[in-house]
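J.: According to TrEMBL, the feature active site, N6-AMP-lysine intermediate maps to K145. Taken from TrEMBL, the feature NAD(+) binding site covers D62, Y63, E64, Y65, D66, S112, L113, E143, R166, E210, K330, K354. The Zn(2+) binding site annotation in TrEMBL covers C448, C451, C463, C468. What TrEMBL records for 94-104 is compositional bias 'Basic and acidic residues'. The compositional bias 'Polar residues' annotation in TrEMBL covers 606-619. Here TrEMBL flags 33-484 as domain 'NAD-dependent DNA ligase N-terminal'. Sequence annotations record features per position, and here TrEMBL assigns region 'Disordered' to 76-104, 600-619.
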Amino acid sequence: MSAIVKLPGRLIPFLHLILVLVISSYSLPASPEASLRIEELREQIRHHDKLYFNEANPEISDYEYDLLVRELNELAPGSEQMPSPDSPPAPAPGDDRKSRFEKAAHAVPMRSLEKCYSAEEVKSWLQEITEHAGDDESTIVIEPKVDGLAVSMVYEDGRFVRALTRGNGQEGEDITAAVLAMGGFPLNLSTTGGDNNESGIPASAEFRGEIYLPMGKFREINSDRVERGKEPYKTARNLAAGTVRLEDLELVKTRGLKVILFSWGLWKPANDQPLTQLEYLSRLKSWGLPRIEPLDTLNVGARNVSNLPLAQYRNYLSKLDMPTDGLVLKVNSVALQSQLGTGRRSPRWAVACKFEPESAISRILAINFQVGRTGHLAPVAELEPVEVGRRTISRVSLHNGAFIHRMDIRPNDRVEVELRGDTIPTISGTFPEHRDADSRPFVFPSVCPECGVAIGTSGGLRCLNRHCPAKQVKQLLHFASSVGIKRLSEASITELRGTGQLKDFSDFFSLWKLTDIPHWKILLGLGIDGMGPVACKNLFSKLGNLENLMQLPLEAGSLRDLGLNKAQTASMAAFLGDGENIQLLKRLIRRMPRQISLEGRATGKHMTSQLENQIQDPE
């Protein structure tokens, strides 16, 4: 009988990665429908990354985002490890950098944490730590998960010199001015009765944590906005992320933001860094730096994986004045952290535990569909208003047809509504036992609800009418965003279309003073399938301008010689082979000012005062 070999725990993650790579290399080609869904998922993930990290305005919860990533990895194994060539490089799952801020590199990459959403997943992670620790007990430090903007505070010889956002994990935005305006932390570190060396103050260090807005202040700000007839801010996290990017530092001061620290990156000299997480927190306190207060510690060993009192933790966190959305579990020992190592995106020695969201029961009044810029029909459930987590919920995204089929969601159903990530509502369950006797499965529409034209079903429900008003509004909004026009709403575009001022993309050059826009951003704004920022920029590094784009031969070989892949080649050939698109390019070329460049930054100034009054100031 063959002996069973027990592999060391530290080899398991590497063997898993090798297995993923081997399996993915032998995967069968995806069907056309699956390929379309894969590209759609990639576009959605990039879209939600932009909303969360760049605009601090998420449309979906963390949980729903994770579902998109998991679906993508099921359809295209290894996608998270090997992103699409058109995906921007992102060591962290998103990129919060914006063009007007100075950038600076992190000395040590600033990574995010893996997430788990159930007690079983927490227990599985603890078991992995136990296998690594062997018979030796290892302490796990349990901390609140602060829902704010990640920040790295850089100190040199005990003096504060810089504050950076996470950015793409490798480099972040320099938000030093805003952090100085916030205050609430020492500019110079010292410990009573000793110099820097004696007190353990490092020669150079990156202290990391979150910038957050206290909940009391958040409610105060929103109450004031409601009284002035303005929409309240969605979450404290969104407001905190937006505030640190304001140019008005006096306004930053009034917002009451705070910083709280709980980890570190660079530490010099390295032999003087803390030996444990608890020692690190103790040092922060001795230097007067704001630090996280641990909730608990847990000892785990080969014979002891305890259950966590999650309900007690959640009850405690609900009474705090800082926004939280779960727990963070960390291995206390720095030596064991080093043994466990770090994956591509996240350390293996820590995990974020997201709480099961609050829920309530409601009834579906109707299922409607919203049309996206590519024609995708997104289902939305209209609900009887219900209170969930101190919010009134009356509509919920149903994501796609597969979600409706899987959950067998029907009009008039009683459903459970949850706030995933305490942010975005979602339907988590149905109650078929309470259905009326005449209840029938939902019948999907055969025509577009906006234009009445028959829809296609390949790769999901999709409006195929290029002149669909709803599609055109979304396409115009996408173009405006691509060329740098800010704070433009669908309502504003609809009004401009109604007055005849905005018929196609070229009209933006009549309504806005647009200068110094690189040509590749105009191509990006056209929304050609598969042509992301990297592909557009690479193409125009060879072509130079839109005039040369129009002269391209449509043969696949010629297009591939320009660096396009097979899918991009097909998309570009279809676009350039369409007479209406060629006429659109000609109108764009005629209306673009001559000073538009290849590599410049987009700047825009609206010329119509009536529309300016409709666009809300972000502050």
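Glycine is no exception: its Cβ is also placed from the backbone N, Cα and C atoms.
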J.: Hey, how far is C468 (Zn(2+) binding site) from D66 (NAD(+) binding site), Cα to Cα, in Å?
T.: 32
J.: From the Cα of D66 (NAD(+) binding site) across to the Cα of K145 (active site, N6-AMP-lysine intermediate), what is the distance in angstrom?
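T.: For K145 (active site, N6-AMP-lysine intermediate) versus D66 (NAD(+) binding site), the Cα atoms are 18 Å apart.
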J.: If one measures from the C-alpha of K330 (NAD(+) binding site) to the C-alpha of C448 (Zn(2+) binding site), what distance in angstrom results, rounded to a whole number?
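T.: Between the alpha carbons of K330 (NAD(+) binding site) and C448 (Zn(2+) binding site) there are 50 Å.
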J.: Within 10 Å of each Cβ, count the other Cβ atoms and name the one among the binding-site residues L113, C448, C451, C468 with the highest count.
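T.: When each Cβ's neighbours within 10 Å are tallied, C448 tops the list.
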J.: Measuring Cα to Cα, how many angstrom lie between R166 (NAD(+) binding site) and C448 (Zn(2+) binding site)?
T.: 42
J.: Identify all same-chain residues not among C448, C451, C463, C468 whose C-beta atom falls within 8 angstroms of the centroid of the Zn(2+) site's C-beta atoms; report them in sequence order.
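T.: Close Cβ neighbours, site residues excluded: V371, G375, V447, P449, E450, G452, V453, I455, L464, N465, P469, A470, K471.
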J.: At 10 angstroms around each C-beta, which of the recorded positions D66, K145, R166, C463 has the fewest other C-beta atoms nearby?
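T.: Fewest other Cβ atoms within 10 Å, among the recorded positions D66, K145, R166, C463, is found for D66.
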J.: Out of C448, C451, C463, the binding-site residues in the record, which is closest to D66 (NAD(+) binding site) when you go by Cα distance?
T.: C463
J.: Measuring Cα to Cα, how far is L113 (NAD(+) binding site) from C448 (Zn(2+) binding site) in Å?
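T.: Pair distance, Cα basis, whole Å: 41 Å.
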J.: Give the number of CB atoms, excluding that of K330 (NAD(+) binding site) itself, located within 10 Å of its CB.
T.: 22
